[in-house]
Amino acid sequence: MTATIDNLTSRERATVLADALPWLQRYRDKIVVVKYGGNAMVDEELKAAFAADMVFLRTVGVRPVVVHGGGPQISQMLQRLGIEGEFKGGFRVTSPEVLEIVRMVLFGQVGRDLVGLINSHGPYAVGTSGEDAGLFRAEKRLVEIDGELTDIGQVGNITAVNASSLMGIIDAGRIPVVSTIAPGDDGSVYNINADTAAGALAAALSAERLLILTNVEGLYTDWPNKDSLVSVIGAERLREKLSALGSGMIPKMESCVDAVIHGVSAAHVIDGRVAHSVLLELLTSGGVGTMVVPDTEMTNGTVYRKDNHV
């Protein structure tokens, strides 16, 4: 993509910027929550591109909030320490020992690295976690596996979000970078799936958009048939399809559904392997992923994007 941009003439670059104007106007002063994950977290060029996207959005008046996972880094650290990692139903099995490593990697490594990349462009990013200033409260989450609810350790569901604890950072013109660890009323600390946390935070902040980066192009109705990629889908229609999705995709799509049902204008699952995918999704008519919208927008014809609707 960089090579393509470098080959554009000055006139062509000006056209690209002009085409983005309606979208820049739409999102100005609006909160956009972005879940940072997938290859965008491990490839150095993609990491730098993501950080630049966040600074670009902030510079043009959008108010980005980043929620990050740390799956690859957590798995790598567990392997280095000789601890076996396990997933059930798309969620990491989290013993007290694993939780301490998750906590250390999320806030001490992934979050700090991203804050540093963003701040290489100026003093924009502030690292925080769900434990700070009462941002998140959580309770134990039981995961349904083969029709049975299963305890997978210190994995939690968010029960409350104190949005005001972030608004001070946002109103100061900063970019919050949020690690997804949350305390519970029972005195325990829980590992929160970052997709789930991003959706809950987007709803609590009355965000205009939720974007979730992943390692696929979006939602497929007939994987691996690439022609079955869905561009736009109604939230309730997607809810009906959740049980048929792969385990790794369920938390992402569940988060999108919940966010839209609770007032977020639209949620997007986009390909984090594409440099500047956030800008492509937000600031172009075509976008690069799957957009989840209220079902009323599917029925009254107000969705104008691509041609593969479900």
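Cβ from N, Cα, C; glycine included.
Because the structure is a prediction, the values reported are computed rather than measured.
Marked as substrate binding site by Swiss-Prot: Gly70, Gly71, Arg92, Asn191. Annotation for Arg92 (substrate binding site): spatial neighbours Gly71, Ile74, Gly85, Glu86, Val98, Val102, Ile152, Val155, Asn191, criterion Cβ-Cβ under 8 Å with sequence separation of six or more.
The site 'Transition state stabilizer' annotation in Swiss-Prot covers Lys35 (among others), and the record cites sequence analysis as its basis. Same-chain residues at least 6 positions away in sequence with a Cβ under 8 Å from that of Lys35 (site 'Transition state stabilizer') are, in sequence order, Val66, Val67, His68, Gly69, Ala194, Asp195, Ala197, Ala198, Leu210, Leu211, Ile212, Leu213, Ser255.
The DSSP secondary structure for Lys252 (site 'Transition state stabilizer') is helix. Cβ environment of Lys252 (site 'Transition state stabilizer'): Asp195, Ile212, Thr214, Val269 lie under 8 Å away, each six or more residues apart in the same chain. Under the heading site 'Transition state stabilizer', Swiss-Prot lists Lys252 (among others), citing sequence analysis as support.
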- [ ] Around the Cβ of Gly70 (substrate binding site), how many other Cβ atoms lie within 10 Å? Please give the count over every shown protein chain.
- [x] 24
TODO: Using only the residues recorded as binding substrate (Gly70, Gly71, Arg92, Asn191), report the maximum Cα-Cα distance in Å, whole number please.
DONE: 12
Task: Lowest local Cβ density (other Cβ within 10 Å) among binding-site residues: Gly71, Asn191 - done: Gly71
